[in-house]
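Visitor: Right, I'll just put the structure down here and ask away after.
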Amino acid sequence: MKNFGQQIKTDELKGINHHNWSLCQAQSNTQKAKILFGRIPGGKLTRKLGWKILATGIIAQAVLLVSPAFANSTQKNLSYSQLLDKIQAGEVTEIDYYPSRGIAKVSLKGQRSREGMYIVQMFEHVPELLDQVRAQKIDFELKRSPDNSVAMGIIFNILIVFVVIVVLLAILRRSSQSQGNALNFGKSRARFQMEAKTGVLFEDVAGIEEAKEELQEVVSFLKKPEKFTAIGAKIPKGVLLVGPPGTGKTLLAKAIAGEAGVPFFSISGSEFVEMFVGVGASRVRDLFKKAKENAPCIIFIDEIDAVGRQRGAGIGGGNDEREQTLNQLLTEMDGFEGNSGIIIIAATNRPDVLDVALLRPGRFDRQVTVDLPAYKGRLGILEVHARNKKLTPEISLEAIARKTPGFSGADLANMLNEAAILTARRRKEGITPNEIDDAIDRVTIGLSLTPLLDGKKKRLIAYHELGHALLMTLLKNSDLLNKVTIIPRSGGVGGFAQPIMDEGMIDSGMYTRGWLIDRITISLGGRAAEEEIFGLAEVTVGAANDIRSVASLAREMVTRYGMSDLGPLALENPNGEVFLGRGWQSQQPEYSEEVAIKIDHQIRTMVFHCYEKARKIIRENRVLMDRLVDLLIEKETIEGDEFRRIVSEYTELPKKQKSLINLEKKI
């Protein structure tokens, strides 16, 4: 019954042994490529600098090749015959001959500078030119310039070879990386920290004192083992954290990592299994090999149910790889070889699907339940998360803790964060009770939307929600009403009647039959109000969620809690889902068809009785309902104390409700 109503890559270590020659050769080539581009610390160049050098070389080559051609395209040219004609005409004043380049630069009369000299392509033997130069008494000078053609050719060839080598090394590096990835499939993906700095200590964990004490003992054993070994105690090999989502299992693991001061490996259960056969088992072996090298240490496996589920037929036959991984995990945890100094901490919210061999002492010696926090736990969690929040003096963490039974630690943290966001949005200096109430509504029900404008629809929703609220106020075993509103919420919620849950009952899980029956009656109050006020033809689908929860609760009362005329019999397994590793046989009903008919009859009888009771109460208080509807349409929200005062004017309240009104009057 306790579960009713609850919603329940630091890099890998370096070093690979036993590689074949080809792999070593590939790695050597890859290393050269990495050194070239600065990927390893041993390289003299950084990667960016390597690429800059390559780009500079290519640009320089282009400049050297293009600049002469560009320069030549801007100069004035003369043919050899034109040069002879101009010499004969007496227009040439000076000739500079460059035999290594096979050209001559010619100055004509009227030129002011040597920059405008004409270029003439010369032949090897020019005797007639020399004769005419002597005859015309032209200045002729033989220029000796270095021959750069050979050097240019060498540079050009070197650059081409360099580019080809760079491209080949890049291709080789990529291929070797892909080959290395394939070979690294069997390596563990666990994140390793020599001294984990998670930023979380045990003082940051609140609300789960019993679980924290168990794990603090493990940390003490790692820090001071002689304290325990002196009296013959052995350190637990494994600790399994069990509890609903959001209760702080992973937070506890972070606190252990921050407090232990020993090497810490963390991995998710889903990271063991891949599509390739044998990869999971190989990763388990590699993980424990690294752990042994760093013992004493801690291995944290989050969501271990992903790899540790019950072995068996299950659905289909595609779970051999997972079973092989689990077998290897069982062997490493408590097999032929010991793992002294290695503590395994795992977390799951589905312990019922874990293999029994995984849960036995010697593997997981301790199972620590991290349950939803009670009042004191919620208060401690609120104090931790309120440290960095600006709260106004009227905020009472004790009152908030009493308003939030059934909240997990994650829910409380999210609620305070939503309150802080609302405060900033409303431009207030501190969080007030209004922001807290709105944040609780947002977390539990949904985002507040624009109020309805349609009069008929608004009135129908008002009657529906007041049907819940009126029954909540008049039934003697029900919870107290906190407020009723017709402001719509996200997710299709047109309004709601919010109860103040009995924290003692919620925290203990000890739900009474009277409370459960009244809960069914209250859930049917909305549909009953629609039918009584508007008639059967105007009944809407707004009660769909209510009817679904009623059917589920009534079936649990008959088949699990033994609260029907069938007697105290548990007729159904509480876990109705079929999991891998759980065969269909375990899901077959454990009763005959005749008993199944009786179960259906008991459920129908219980629900119909509650429905008729709800209709009767609404029918007898029709005048009160009409007044409350007008008030609710006007104000859109009625607080619980005001609602009880109005109801008390028309009818007598149950003892619990009446005592609350008397208390409010005294205040």
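From the backbone N, Cα and C atoms, a Cβ is placed for every residue, glycine too.
Got these off Swiss-Prot a minute ago, pasting:
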TOPO_DOM  1-50  topological domain 'Cytoplasmic'
TRANSMEM  51-71  transmembrane segment
TOPO_DOM  72-151  topological domain 'Lumenal'
TRANSMEM  152-172  transmembrane segment
TOPO_DOM  173-667  topological domain 'Cytoplasmic'
BINDING   GLY243, PRO244, PRO245, GLY246, THR247, GLY248, LYS249, THR250  ATP binding site
BINDING   HIS464, HIS468, ASP546  Zn(2+) binding site
ACT_SITE  GLU465  active site
Visitor: Counting distance between Cα atoms, which of the binding-site residues GLY246, GLY248, LYS249, THR250, ASP546 is nearest the residue listed as 'active site'?
Guide: ASP546
Visitor: Quick one: which residues besides GLY243, PRO244, PRO245, GLY246, THR247, GLY248, LYS249, THR250 have a Cβ within 8 Å of the ATP site's Cβ centroid, in sequence order?
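Guide: Leaving out the recorded residues gives ALA347, ASN349, VAL370, SER408, GLY409, ALA410.
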Visitor: Using DSSP with the three-state reduction, classify GLY243 (ATP binding site) as helix, strand or coil.
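Guide: Reduced to three states, the DSSP call for GLY243 (ATP binding site) is coil.
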Visitor: If you take the centroid of the Cβ atoms of HIS464, HIS468, ASP546, the listed Zn(2+) site, which other residues of that chain have their Cβ within 8 Å of it?
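Guide: Same chain, not in HIS464, HIS468, ASP546, Cβ within 8 Å: GLU465, GLY467, ALA497, SER523, LEU524, GLY525, GLY526, ARG527, ALA529, GLY542, ALA543.
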Visitor: Cα-Cα separation of GLY248 (ATP binding site) and HIS464 (Zn(2+) binding site), in Å?
Guide: 38
Visitor: Where PRO245 (ATP binding site) and ASP546 (Zn(2+) binding site) are concerned, what is their Cα separation in Å, rounded?
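Guide: Just about 24 Å between their Cα atoms.
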Visitor: Report, as a single number, how many Cβ atoms besides its own are within 10 Å of the Cβ of PRO244 (ATP binding site).
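Guide: Its Cβ shell of radius 10 Å holds 16 other Cβ atoms.
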Visitor: Sorry to bug you, but what's the C-alpha spacing from HIS468 (Zn(2+) binding site) to GLY243 (ATP binding site), rounded to the closest Å?
Guide: 32
Visitor: Any idea what the Cα distance is from LYS249 (ATP binding site) over to ASP546 (Zn(2+) binding site), rounded to a whole Å?
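Guide: About 32 Å separates the two Cα atoms.
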Visitor: Tell me the coarse DSSP state (helix, strand, coil) of GLY248 (ATP binding site).
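Guide: Looking at the DSSP assignment, GLY248 (ATP binding site) belongs to neither helix nor strand, so coil.
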Visitor: Give the number of CB atoms, excluding that of PRO245 (ATP binding site) itself, located within 10 Å of its CB.
Guide: 11
Visitor: For the C-alpha pair, I'd like the distance in angstrom between THR250 (ATP binding site) and ASP546 (Zn(2+) binding site), rounded off.
Guide: 34
Visitor: Where does the mean pLDDT land for the topological domain 'Lumenal' (72-151)?
Guide: 74
Visitor: Just how many other Cβ atoms lie inside 10 Å of the Cβ on GLY246 (ATP binding site)?
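Guide: Its Cβ has 20 other Cβ atoms within 10 Å.
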Visitor: Just going by other Cβ atoms within 10 Å, which of the binding-site residues LYS249, HIS468 has the emptiest spot?
Guide: LYS249
